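Taking it in order: structure first as structure tokens, then the write-up.
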Amino acid sequence: MIIWLAELLQPYLSFFRLFEYLSFRAILSVLTALGLSLWMGPIMIKRLQMLQIGQVVRNEGPESHFSKRGTPTMGGIMILAAISITILLWTDLSNPYVWAVLTVLLGYGAIGFVDDYRKVVRKNTDGLIARWKYFWQSLIAFVVAFALYAYGKDTAATQLVVPFFKDIMPQLGLMYIILTYFVIVGTSNAVNLTDGLDGLAIMPTVLVAAGFAVIAWATGNVNFSEYLHIPYLPHASELVVVCTAIVGAGLGFLWFNTYPAQVFMGDVGSLALGGALGTIAVLVRQELILVIMGGVFVMETLSVILQVGSYKLRGQRIFRMAPIHHHYELKGWPEPRVIVRFWIISMVLVLIGLATLKVR
């Protein structure tokens, strides 16, 4: 929005030429989203407390979690508001990639909102019925996948980029739609599973978004994309501003979500942020690097799959409790230790993911 206004005012005030620079808008994006989150945080927490919208805690969970019962949840609303406002302010709204991310972010946020509402307001511990949750997630993912495929059919936008290999970029064809579906839905649910401790999900989300900001910048730059042997996608550069909006909003939320948390993001935040990260990975053609950079999310998801599979096949559990962060809690690790160590793992994995761009 601002970029259009700046174009109109450039002939009169040269200052507005600054808004043409991606780096300038990326910095403003971080600061705007951070400021909005910090401003909305106390208001949101107070409002949620007044409405008695508090966290539901499972009785079979770690005893240390019982004290969290009643902590305001659905704080993801302020994350989505900060990201959305920032994107509308600082991105080029004629860019289709921006709208693809916004569609998934707000669509999955709506699904998470209904799920949270049923849990904490209607006191239905199951929330939104699983099959309906997956139906709406799938519908949104397929709509976005079909739209992106139609827009970039048989171009670099539908190639598969394989880490460590500079000459292996097969054209996916219709498989692009299937891959896009699984990446968006899978990442959304993976972040949702990770969101079980104070700040555990939001910091890896911030780190992965920061990593994708670098990748989006390189992908949208003709010289660097050629140098790194990755597809050149001119629309991808605008995703830098989207990623930095996620970084800023996430850091602002972490201010209130750090241990001991004053507010939780709820499904409205985790499903939306995961879906947005998956969409960004698809748009910059780095789905496989997402598996590396988002390794904490992958680890949490695999722990659940292995736990359920082992119990059904052998009648035995592999972990004391899944997702795996609860396993370490039950082993006696203090919650802050689990959180910070997972953050460190996430930071290392993001750096490894970025390194793969050069190691080819």
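The backbone N, Cα and C atoms fix where each Cβ goes, and this holds for glycine too.
Annotated features in Swiss-Prot:
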type: TRANSMEM; residues: 26-46; note: transmembrane segment
type: TRANSMEM; residues: 70-90; note: transmembrane segment
type: TRANSMEM; residues: 94-114; note: transmembrane segment
type: TRANSMEM; residues: 132-152; note: transmembrane segment
type: TRANSMEM; residues: 168-188; note: transmembrane segment
type: TRANSMEM; residues: 199-219; note: transmembrane segment
type: TRANSMEM; residues: 236-256; note: transmembrane segment
type: TRANSMEM; residues: 263-283; note: transmembrane segment
type: TRANSMEM; residues: 288-308; note: transmembrane segment
type: TRANSMEM; residues: 338-358; note: transmembrane segment
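Proximity of the transmembrane segment (236-256) to the transmembrane segment (94-114) is established through 3 or more Cβ-Cβ distances under 8 Å for residue pairs spaced 6 or more apart. Counting C-beta pairs under 8 angstroms (sequence separation of 6 or more), the transmembrane segment (199-219) fails to reach the transmembrane segment (132-152), with fewer than 3 such pairs.
Same-chain residues lying 6 or more positions outside the transmembrane segment (94-114) and placing a CB less than 8 Å from one of its CB atoms are 74, 76-77, 80, 83-84, 87, 128, 133, 136-137, 140-141, 143-144, 147-148, 151, 184, 188, 192, 235-236, 238-239, 242, 266-276, 278-280, 283. Same-chain residues lying 6+ beyond the ends of the transmembrane segment (70-90) with a Cβ under 8 Å from its Cβ atoms: 1-3, 25, 28-29, 32-34, 36-37, 40-41, 44-45, 48-49, 53-55, 98, 101-102, 105-106, 109, 112-113, 116-117, 120, 241-242, 245-246, 248-250, 252-253, 256-257, 261-270, 272-273, 276.
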